[in-house]
Amino acid sequence: MLRKRIFILNDSNLQQIIHPSLLKRKIIHFDLDAFFAAVEIRDNPRLKGQPLIIGGMPNERGVVATASYEARKFGIHSAMSSAQAKKLCPQAIFLKPRFDAYSSASAEVFKILTNYCSIIEPMSLDEAYLDVTNISHQTSATKIAENIRHEIFLKTKLTASAGIAPNKMIAKIASDLNKPNGFAVIKPQFCFPFMQTLPLKKVPFIGPVTSRKFASHNLFTCSDVFRIGKNYIIENFGPNAEWVYDKACGIDESEVITTHVRKSYGEEETFIKDIINYSDKINMLKKMVASLSEYLLKKNISFKTVTIKIKYSNFTVKTKSKSFPLYFFEKNILEKISLQLLEEMNCEKVPLRLMGVSVSNVINKKDLQQETLFGDYI
Ligand SMILES: [Mg+2]
């Protein structure tokens, strides 16, 4: 318990003793700026300077995946309905996402990152944490971040922002401070005072539900939480809320995790006898979707990409995928997309010896709230 009593009061000023965890690591958080929009502008310079929205069309029931900085000036942000975005900025240009282009740009960026550092945790196509503790003896973490940003721009013509800090949480907040095309360094001795300037809702991990609960006790900022003290937090929000106090004080001991165990989930089946009848194919796919969906719900998995795989009787394999800007988990949507993909594969009359359905770009729903929250200030 003593270990966590890290601050002492000195007159009216707070003097900090640096928490030991802040001296253990050097983390860089990279985040490409308005990624989908930036790729579109790079590939079509006439879009430069325009309010640009990547996502669903306003006359459909889609949402904004990414808005260019010019569009953000109108109050448009990711996850807003495209219809609402159109109302806010009627002259905005709407484009459907081109995930192939984004994936290949992302692959180029990650190739650069891996040239510098082996401890990388990708968070999405355009975001990653690097643990540079062991490689920042010769060159400072800041210099490494600047070299990487420079090389990313040189090779991909895309800009990335970086946050450099002793832990993932503060690095993540820092990369947002000087966006776009900027960086911020929060050194160990400034972590506590820096956090004290922030509202709770700006802290990763602290979702809107937690923020609201704390707000009902007049606790709006990290500073409010620190001043009220850990005992008050535990008494009023339960022992499980202790972590909020730690985060508010700038403590986050989570490691940069290089391997995510599962990248996709799926079902596939090789048939004893080739299936020829189209309605049999549909029924088989529906059965697979139902079983996959049941498993995903049980495991709390949401996903962005659906893939259908078929094998002809001559062993030719074909796959077709569809990706979406936001995560979803509903069985009926998965079924609809799967059937649509099957239809697009033109295999009505072709005998099939195998069929499969899988989802990728997955996330556990408990992390989804963070993702949505991050979306607000990416
Ligand atoms: Mg981004």
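Backbone N, Cα and C atoms are what each Cβ position is placed from, and that goes for glycine too.
According to TrEMBL, the protein has these features:
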type	residues	note
ACT_SITE	Glu127	active site
BINDING	Asp31, Asp126	Mg(2+) binding site
DOMAIN	27-207	domain 'UmuC'
SITE	Phe36	site 'Substrate discrimination'
Using a 10 Å radius on the Cβ of Glu127 (active site), the other Cβ atoms enclosed count 20
Can you list which of these recorded positions (Asp31, Phe36, Asp126) have a Cβ closer than 6 Å to ligand 1?
Asp31, Asp126
Mean pLDDT for the domain 'UmuC' (27-207), rounded to an integer?
94
Per DSSP, three-state class assigned to Phe36 (site 'Substrate discrimination')
helix
